[in-house]
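The structure follows.
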Amino acid sequence: MTTLENPEMQAQLLSAALPYMQRYENKHVVVKYGGHAMGNPELGKAFARDVALLKQSGVNPIVVHGGGPQIQAMLTKLGIESRFEGGLRVTDEKTVEVVEMVLAGSINKEIVALINAEGEWAIGLCGKDGNMVFAQKAHKTVIDPDSNIEKVLDLGFVGEPAEVDRTLLDLLARSEMIPVIAPVAPGRDGHTYNINADTFAGAIAGALAATRLLFLTNVPGVLDKDKKLIKELSVADAQALIRDGTISGGMIPKVETCIDAIRRGVEGVVILNGKTPHSVLLELFTEHGAGTLIVP
C-alpha cells in the first residue's frame, strides 16, 4: 500500500501541512510559471492542481507566466526572422504583435483552462487590463569588445515595469478568483511592451508585498561549490556567492531578480525546480521546502 492509499499516512501528511496552510492563509503568493514545466502536459496539470489547492487552502495565488519557446515557434511559423543585439532579441513592431498574441492569447488561456478544470475560477490578464502595469522602454548596455566602450542597445519594444496598480488584483482576491497574468504591458507613450516574465513577476509581488514569490525553473535551486542545494540565503549571502563565483551564468540574473523583489517588499523568494511534480505544495506546505529560499 502506498502512502496515498494509506488513510493513516494521509492523515499524518495533512496534519503536518496544517501549520503551513495556516501561515499562508489570506496571504499573497506569486508563482512565476514557465520553462520546461510549461511544455509537459502532466506537469501542467499538476501545477494547475497545486494552484487550485492553494486557493482552496485560503491562499491568494497569482500566476505570472512566460513563453519564450512558444513565441519563437510562432515567429518561425510566420516567417518572421529574429534580430539580435549583443545577444539579446530585438522586439520590433511585428514581433511585439506576435508576443502579445502568444502570451496574452494562447498560452494564457491554456493555463486558465487547466486551473478551471480543477474546480477553481481563474481569469486571464495582462498588464493592460485595469491599467495594472505600465511599462517603460528598457535600456540595456554592453561593453564593445573592440573599443571597450559601453554601448547602449536599442531592443525595440522590450520594456520593464514602471508602475504597478494592485487595485484589480485586490478585487480579484476578494472575488475568490485566481489571476493568470501575461507579461505584456502598455507604455505611457502608447506602445505595447514585452517584459521579461521574471522581472514582471517581481514587480507584481512587490506591489502586493507578497509573502512568497516562487520561480519555477529547470534546476533545484541555488547550488554550492559541491553542487549541493542551498536551502536558504540572505540577500548578503547571495551577493557574496555572486562575487566569489559560486553563483554564475544564468543563475546570476535570476538571483538578482530575487534580490530586487525583496527590496520591493516581498518577504521571501524561492527558486525551485518546476520539473518536480507538486513542487509548489512541497515548498509551501512542508518543513524543508523544495528549493532555495532567499530572504532579507
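Using the three backbone atoms N, Cα and C, a Cβ is placed for every residue, glycine included.
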With Gly67, Gly68, Asn194 listed by Swiss-Prot as binding substrate, identify the candidate in Arg49, Arg89, Arg174, Arg212 belonging to that site.
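Record source Swiss-Prot; matching candidate: Arg89.
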When a 10 Å sphere is centred on the Cβ of Lys254 (site 'Transition state stabilizer'), how many other Cβ atoms does it contain?
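Cβ-Cβ neighbours of Lys254 (site 'Transition state stabilizer') within 10 Å number 18.
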Using C-alpha atoms, which one of the binding-site residues Gly67, Gly68, Arg89, Asn194 comes nearest to Lys32 (site 'Transition state stabilizer')?
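In terms of Cα distance, Lys32 (site 'Transition state stabilizer') lies closest to Gly67.
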Other Cβ atoms within 10 Å is the metric here; tell me which of the binding-site residues Gly67, Gly68 scores highest.
Gly67
Among the recorded positions listed here, Lys32, Arg89, which has the most company in the form of other Cβ atoms within 10 Å of its Cβ?
Lys32
For substrate, what surrounds Gly67, Gly68, Arg89, Asn194 with a Cβ no more than 8 Å from their Cβ centroid?
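So the additional residues around the site are Gly66, Ile71, Gln72, Thr91, Val99, Leu103.
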